[in-house]
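*Asks:* Sending over a structure as structure tokens; questions will come in a sec.
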Amino acid sequence: MPVNMAGCTTDCVEKPISICFQKFGRFVGTYPWWFFLSPLVISAVLGSGFYFLEEREANDIEDQFTPVNGPAKLERQFVQENFPQNDSVFSNQRLYTDGVYASFIAVSRSSNILTDAAFQEIVTLDRKVKELNAAMGHEVLTFEGLCARRYKKCIPNKILDIYKYYGNNLEKTELTFPFFRFGFSYIFLGYSVGGVKINSTVIKSAKSVRLLYFLKEDNRTRTDLWLNEFLKVFPSNLSLNFIKVTHSTSLSRQVEFEANTRDVIPLFSITYVIAIAFSILSCLRFDCVRNKVWVATFGVLSAGLAVLSAFGMMLHIGVPFVMTVANSPFLILGIGVDDMFILISCWQQTNVHDQVETRLSKTYKEAAISITITTLTDVLAFYIGLMTPFRSVRSFCLYTSTSILFCYIYSITFFGAFLVLNGRRENSNKHWLTCKEVPEECPIGQSKWYELCCVGGAYDPHTGKEEVQPMNHFFKKYYGPFLTKSGTKVFVIVLYCIYLIISIYGCFQIQEGIDLRNLAADDSYVVKYYDNEKAYFSEYGPNIMVVIRREFPYWDEKYMSDLETCIEDFKNLSFIEKDIFTSWIKSYKYYGYHSKLNLSAEDVFKDNLGSFLRFYSDFKQDVNFTNNSIHASRFFIQTVNISTALDEMNMLNKLRETAQKCPVPLLVYHPAFIYHDQYAVIVTNTIQNIAVTTAVMLLISLLLIPNPLCSLWVTFSIASVIVGVTGFMALWDVNLDTISMIILVVCIGFSVDFSAHISYAFVSNKKPSANEKAVEALFHLGYPILQGAVSTILGVVVLSASKNYIFRTFFKIMFLVIFFGLFHGLTFIPVFLTFFDMCSGTPAKKKSGPEEQAMKNSHVNNVQAMARDGEVKEREIYDNRNFQPDNNRTCQSQPCSAIWMITGNNHHVLENHVCVASTIPMFRVDSQTYEVHMYAPSDDTRLRVNCQSKGQNSEGQNCVLGNSNHIQDSNVPTLNCSDLAIL
């Protein structure tokens, strides 16, 4: 338990919780079957919620991956109310949604697609699309019956009209770009012809052509059937020699996104097998009794039951199941196995001769606080994630936090109960597989294989605990002492500075936002379409609506001057094409000029507006002119060179800033802004979540880790890991989006896990110096932490093979979180803790009683006697205060059997011998590992002490002798005086 550490002990919460868990552990140990079977029944009941899985699925991309109350959604509502679509005069420029469409992009196999041969194949594709039919009951759905219309005709692809007009002469025709005069109108080719090379404005060659087939939006059931048929047959059974084709529809992104869930199901099965295999290998013992194979198996089963219970309960309640939630089981498996390793480690530190109830109570007393800290931090981190405006993040956090709670509950009930049942088997010295009793020692004449398979139940006779595993010895004998050397500490500090510099640099390279193409699998046809779209059609971006959202005096030159200034501000933006501008007011003034109308007069302006809008039907959709008032109107500006997420973010921010600065009440809108809204909130929301979560983590650490300074080190570890993960994920080409934001919240919980385990072990052990405390903490928890980290990485490593961006991103960030968290927990934090004596602590001074004062005086007299013939050398004094009162008479002439002899100062002890009562335990302390080796007195135990070893004179030394009747025996083992403790 914690001691007074420079007056900063904070065990007022930790101590009562430890006592409660100790009592609970004894209760579980007394009635293990109840706690073993109850979680199985509960899991079966709650697991029935998976019956509702299909109806709880909520994978609508807009609903789940865009901010709930994003500004663009409010802007869309305003546009929808003021500018309703006219189905008879379709205009894709004026859509307030993405529209309903099918599309394909043809890419030439040669340098130029504007050839007769290429266009013949394109026309063939066009014909097949228009001939495509879908069945709806007895009704046949055709493109002609579903197409969006303009003046009762399906919306044509103008580039095909141009080809049909020019035919074989297309290559010789001087097509101007981006506008081409065709008949009496100008056709915009920026969205139809891509990869162009021009001389002045004339196209010399083009690499690609895009065709779009828009459908009516009045009956989505009918159009969805036709689009699904399009996806089934297009472009199969086509022999294309001159072009390569990619295709997509307005449904494709959603359909492909929902298909990703099928990708993860087999991966989870593989993960579960890997987790069980690793757990078994980690807990494997070459002792057929102490083997922990079944313990490891049921530890993994405990995590699986937690997922089954939590998910089932959420589905019963009605919580939406989003595809991001499919990442959660991988995470829970790692967390559950981590808790299992901590509990097994603490169980192995208990005395094997104790009753199993006592062993479990001691296990819970030591481990419960540690796993409680990590559970609280993880759960609260996810619950804080519920504050985000993204529904996908909320669902993930809710499912995962509930799963972690169940994982914790099942660890201290189901898994704890199994530890007891397994402990009963071990107490009976029964084989782990056959459950038959086996001998503790190998019978004479049996082979090594027999000893390995049929002999077990070994334990450390000095401590009564299970034998220490090799990896624990590695941390205590090699890694811990090496880490606490001065040179190593300097190297660790330099390494940390390098880590911090690279991380901070990476933080400035972070990109924001999720690319919608990443919502589909890598091998999806949609990705290929998006790649071609980006390669050949990124020069001209979205056509933006600029809406005047209130009544405005368009006839007043003063007010119009303000509006024109704002329009110029928009045109002067670097990503706006000045020459492409669509405005009803500009056309109306042109109309008024030629009609000799005085549009500066309000009544003239309004009286003639109706006839103008009837003549120009497109502009009728741009003005909300009702009850002789203009309630709202809009014009359009054209963006260029918007190809990256950064371009999209800058475009949206600059457009909104320009609109806000204008004295005229404006808003800007495009359907893509619904998705771009994430840029406006994702950074601030991530910072908010991290700040709040870190503060909560600090509070928990202060309450449960019995030292404030070490709690601050835990908080420092959180900040350090977050900086590292953020920086390195940017260098690993991972954007800051809704997916990575989830994992950054996870990052906080996991960074607490590793540092909290080590910090708690550091401040709660009783070693006298900081270096010793660090070594002891690593000895007890270094291997379990390493096991937990490796198990978590193994839990998500299969996701690296996923074809989906979401799952691969989850793996990348989780790998960074675990790797950096592990490095902090096993390297940085132990080193940093040794620099502060307040965390190392010193035993509290107590008022000495008569016995303690007498022993102190005796010890001082001995030291003074040793110093008479030379300088007293500095020694470490190991106090053993557990001496039992002894009324036996000391020897006068002949040494008594079973009584140890101890030499004092040769100048003052008669015949160099003093008899000491046999109840005083004698021991030797290893100067390298600090292990205590006990020597129990008995009649036939013999011991010789070499008082002249290492060139030391026997005078002035305190030496232990065995029974003097046997001192002359040459077979008696010899100990050097320098190895013995001073009593």
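Note that Cβ sites are derived from N, Cα and C of the backbone, with glycine treated the same way.
So TrEMBL has the following annotated:
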DOMAIN    264-421  domain 'SSD'
TRANSMEM  33-53  transmembrane segment
TRANSMEM  264-281  transmembrane segment
TRANSMEM  293-317  transmembrane segment
TRANSMEM  329-347  transmembrane segment
TRANSMEM  367-386  transmembrane segment
TRANSMEM  398-421  transmembrane segment
TRANSMEM  490-508  transmembrane segment
TRANSMEM  679-705  transmembrane segment
TRANSMEM  711-732  transmembrane segment
TRANSMEM  739-763  transmembrane segment
TRANSMEM  783-801  transmembrane segment
TRANSMEM  813-836  transmembrane segment
*Asks:* Does the transmembrane segment (711-732) make contact with the transmembrane segment (783-801) through 3 or more Cβ pairs under 8 Å, each pair 6 or more apart in sequence?
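*Replies:* With fewer than 3 qualifying Cβ pairs, these stretches do not touch.
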*Asks:* Looking only at residues six or more beyond either end of the transmembrane segment (490-508), which have a C-beta under 8 A from one in the stretch?
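*Replies:* Result: 483, 720, 723-724, 726-731, 827-828, 831.
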*Asks:* So which residues does the transmembrane segment (264-281) touch in its own chain, when a touch means Cβ under 8 Å and the partner is 6 or more beyond its ends?
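*Replies:* Beyond its ends, the transmembrane segment (264-281) has Cβ neighbours at 293, 296-297, 299-300, 303-304, 326-327, 329-330, 333-334, 337, 340, 790-791, 794-799, 801-802, 804, 807.
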*Asks:* When you scan the chain for residues with a C-beta under 8 Å from the transmembrane segment (367-386), skipping those not six or more beyond its ends, what do you find?
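*Replies:* The answer is 14, 17-18, 21, 24-25, 335, 338-339, 342-343, 345-346, 393-394, 396-398, 400-401, 404-405, 407-408, 411-412, 689, 692-693, 696-697, 700-701, 704-705, 742, 745-746, 748-750, 752-753, 756-757, 760-761, 781.
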*Asks:* Under a Cβ pair cut-off of under 8 Å, which of the recorded stretches 33-53, 329-347, 398-421, 739-763 contacts the transmembrane segment (783-801) most often?
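*Replies:* Comparing 33-53, 329-347, 398-421, 739-763: 329-347 has the most Cβ pairs near the transmembrane segment (783-801).
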*Asks:* For the transmembrane segment (398-421) and the transmembrane segment (679-705), check the count of CB pairs under 8 Å (sequence separation 6 or more) and say whether it reaches 3 or more.
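*Replies:* Output no: the transmembrane segment (398-421) is apart from the transmembrane segment (679-705).
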*Asks:* Let me spell it out: take the transmembrane segment (293-317), skip the flanking residues so only those 6+ beyond its ends count, and list any with a Cβ under 8 Å from a Cβ in it.
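*Replies:* Beyond its ends, the transmembrane segment (293-317) has Cβ neighbours at 39-40, 42-43, 45-53, 56, 272, 275-276, 279-280, 282-284, 325, 328-329, 332-333, 335-337, 340, 344, 398-399, 402-407, 409-411, 414-415, 418-419, 422, 432.
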*Asks:* List, by number or range, the same-chain residues at least 6 past the transmembrane segment (679-705) whose CB is under 8 A from its CB atoms?
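*Replies:* Distant Cβ neighbours of the transmembrane segment (679-705) are 10, 13-14, 17, 67, 70-71, 369, 372-373, 376-377, 380-381, 384-385, 387-389, 512-513, 645, 648-649, 652-653, 711-712, 714-715, 718-719, 722, 736-738, 741, 744-745, 748, 752, 756, 759-760, 763.
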*Asks:* Would you mind giving the whole-number mean pLDDT across the domain 'SSD' (264-421)?
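*Replies:* Here the predicted model's pLDDT, averaged over the domain 'SSD' (264-421), is 86.
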*Asks:* Sort out the residues at least 6 away from either end of the transmembrane segment (33-53), same chain, that have Cβ-Cβ distances under 8 Å to it, and list them.
*Replies:* 302, 305, 308-316, 318, 321, 409-410, 413-414, 416-418, 421
